[in-house]
Each structure stands twice: as structure tokens, then as C-alpha cells.
């Protein structure tokens, strides 16, 4: 978006100095709890304007991008050593260009996989680690035993490796692709983490020090690819072996995809303000956060249907969540859940106006999305949506009963319900409905398969680690940390370490699920991984979803609003 366009529209952020919460429910004198969420910092006039005033990519840039794409294809086709091929794939993926070169990447990785008999990587820590990570990442199994050559007879990693920072960093990143029970990778992670932490401040190469610091904050396997691409484009520009063709194409492609996303944001913002849900004082008004999450899950332009429907269902879901958490009485919530189970508006007149509005928004939007899927995909997804909504609201209902009854469940009971109440089974099923092969394939998501189970459980636990203090202050349902404290008598610090350990172990299980879930193909496997990565983005350092004026706004603005400067042609 150029400066004239930005001036003609409004600023992306809004000043809430004079903000007054609007209350829809004037027919009830009953005292209601409030979520105490601050109003959205995002200016909805600005967001709606993106439908027209999005970042238009100039024709000369489109032509240049096609030319550069051809040059990169030639790179893939040129003879090169296996390590060079892996490094090309790694850079292309981290720059966010993998959607442009899916075939070339698969062919390159499969050729490296087939070329494994001569052990060309043997004794080379960086090559062994990069090969392991990239091949496992794309579903080609490599055993952990490839790292035995770097261990002593006592199974400890060789201290000589500490001087090989690039190799240590590659080992560190590879270790997060481990499965449960892979002890060599556990040792690799501990070893690499310890010595990278000790060394990074003294690394002479600035680009390498920057990479190490970034990785220690959060490993690549746990990062949102689209956000990582924005960061890596800037970091890559400073690297000593930077390829200018790849860098230029990455900048152009990033802006081209961002333009598509901006247009979608504008159209979705127009829909959102017509629902009236943005005026509810007790609920989060988080359309752009919902879009960021859908973009985390499925940023590729070809997943427009999945992306938009995840935002629509997710935005309504957030308000339904807040209604169960802080607004409705137990009797009202029981009646709401009953109406969802029947999928009927017949008896919602018994509900207060606000809950009627929420129910009708949920009901109508779900049916609209079902109609769109029928039109664009040719099958009926509404029965699958209804099943997911019923399970969602029953999970909310159970949490509300715990709260109103003053009950603190054991951690296991909480977790089994919480992996549904977090909302990701519903959101991922929404994404799956948008990409399924046919209507019969929709049966695969009921009952919940392991892939969805573990990705949703991870999102629940990561969410709890970030939001528990805020939600406890509001008097909401207890979270996993507090369930464990109540069950065992542990301190909060000990409980947090325990939940952190569960998160790490469940990541290993999810990694293995990506190989074992043969009934699902790409891209749904990646959708699940990306949903957890989105949770790390929003909750790793607190509540970056509910608290809109947080560290996340900087990344959201750089990914969704601000194009990358292209400099001189």
C-alpha cells in the first residue's frame, strides 16, 4: 500500500481513550460477569478499506516475479551436491517460497533420500542434521541412529562439537522432529541447547548469532511459517552467502500473497461489523487475530476457502466461548446447548437477547459456510459442522458446570474436555471440510482421530500457559496449571514446569502422528501442525490473542498490513 493510499484511508490502530462499551442486552436486570477485555486496537474502518485499498502489486513486479521463478527452477534443475540441494530447499522454505516450488522441493528431497546408501553426510554434523530435519519434515523417515556417530561410548555427545556452531544449530533444530522414546534426540536437544546458550553472545558472525538467538527463543519446528518468512527475509539479506535471486523473489512473493490476504481481511471485516457481535461488551472482538490464526494454518493463496471459513467460524466461536465463560447463567447455557444439539431456533426465545444474537450468528454462518462448500466443493459439510458444534458447546457446558459448582477436576479429566473446548477440533474440521476429497472423507474426523486429538491438546496446554493468570483474575474456569496444583499440592512454578514437560512430550507424539495418520494427506497434516504453531505465537509469552495490544500486534502488522520495501529495481 503506497503512502497516498494509506493517507486516504485510516490508520490501522485506533485510540480508545473515549471508548464506551455497548451493551446489547437491555431486557435483563441480572448481574452479568464481564470478560474485562480491552477493546480491539484495530480500526475496523481501516480493515474494511483493505477490500479495495489493499497492496496492489504492480504489473512490472508480477513479470519480474515470473522471471525470477524461472531462474529458481533452473537452480533446482542444475547438478549439485546433496548438501547444496538440501540448503537450497531449506532457504526456499524459510523464505516462504515453498508454495511456488512444491514439485521441485519434493523431487529434490526424494532424490537426497534415495541417495543415502553411500553415507555422504557421515561425520558432518550440519549435513546429518539438515538431512534428518528436512526429510522427516516431508514425511520421509530417517532413524535417530544417524546421530550415533557424534556420541561417545557412554552415549554422550562429543564435546568437540561445541566449536561447530552451525552444526550445533542444525542439530538443535533437528531434535524437535523427534518422537516419543527417541532418547538420542532428547540428548541432542539438551546438548545443543546448553552449548548454544553458552556460546551465542560470543559468535563473531552476526548473521549466525542472530539465527541462534532466534532459534533458542522458539525452534523453527514450532514457528508459524508465514511469520517466520517475514523474519527470515530480513535476516537472510544480511547473510554472507545470500542469493539475491531468491531474496528478490521472496520479497515480491511475500507482497503478492499479502495483497491477497488484505483483500480477504477487508471483505471479512465488512461481514463482521454487520453481525453486531463486535458490539458485545463482555466478548473479545478479535477478527484480525482470527485471520492471523487462519493465515498461520493455511497461508497459501489456494486455500482461500479454508482460510475464510476458519475466520468466520472462529470469530463466532470466540464470542460463543466468552458467553459460556463469563456471560450466561447455568440455566441459560444449558438451554443454549440444548438448542445446539437440536440445531434448531424453535426454542431460543427463552434466551436473553444477547444469547439469541449469538445463537443466530452461529446458526446462520454455519449454514452459509455449508452452502458455500456445497457450491465450491460439491458436497454437504453441514452434518459434520453440526457434530463439531455440538461437541464444542458440550465441552463449554461442562466447564461452566465446573465453575458454577466450584469443582476443580483432575488434570486428565480437564485435559480430555479442554482439548475440545479450546476450539481447534471445530476449526480444523472447518479447514478439512474446505479441502476434503469428497463427502465420504468427512467421516474421518468423527470420532476425533489422533492427529486432531494431539494437536488440539497441545493448543489447549500452550493456551493455558499463556492465559491462566489473566483468566484466573477474571474468575473464569480453572486451567491445567491450577488443576495440577489442586490435585498434587504442587506450587505454581512446579506445575508450570510439569505442563511444559507435557507439551514437549505431546509434540513428540504429534510428530509421530504425522507419519501414522495415513488416512489424512497433505495439506491437512500441515494444517494441524500449523494450528499448534499458531498457539505458540499467540501464547508463548502471555495472552497475545485476548490482549490485543501485545507483542503480537507488531508481527501481525508486518505480516498482514505492511509490505516489504523492494528498494531499487
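Every residue number used here counts from 1 along the chain in the order it is shown.
Cβ coordinates are placed from backbone N, Cα and C, and glycine is handled just like the others.
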Range annotated as motif 'DDXXD motif' - as stated in Swiss-Prot, picked from 311-315, 316-320, 321-325: 321-325
Listed co-binder of (2E)-geranyl diphosphate (same site as 321, 325, 460, 463, source Swiss-Prot) among 270, 284, 372, 377: 284
Largest tally of Cβ atoms lying within 10 Å of a Cβ, found at which of the binding-site residues 463, 467: 463
For the motif 'DDXXD motif' (321-325), residues assigned helix / strand / coil by DSSP: 5 helix, 0 strand, 0 coil
Among 321, 325 [binding-site residues], residue with fewest other Cβ within 10 Å: 321
Taken over the motif 'DDXXD motif' (321-325), the model's mean pLDDT: 95
Rounded inter-Cα distance in Å - residue 321 ((2E)-geranyl diphosphate binding site), residue 467 (Mg(2+) 3 binding site): 14
Residue 467 (Mg(2+) 3 binding site) and residue 325 ((2E)-geranyl diphosphate binding site), Cα-Cα, nearest whole angstrom: 14
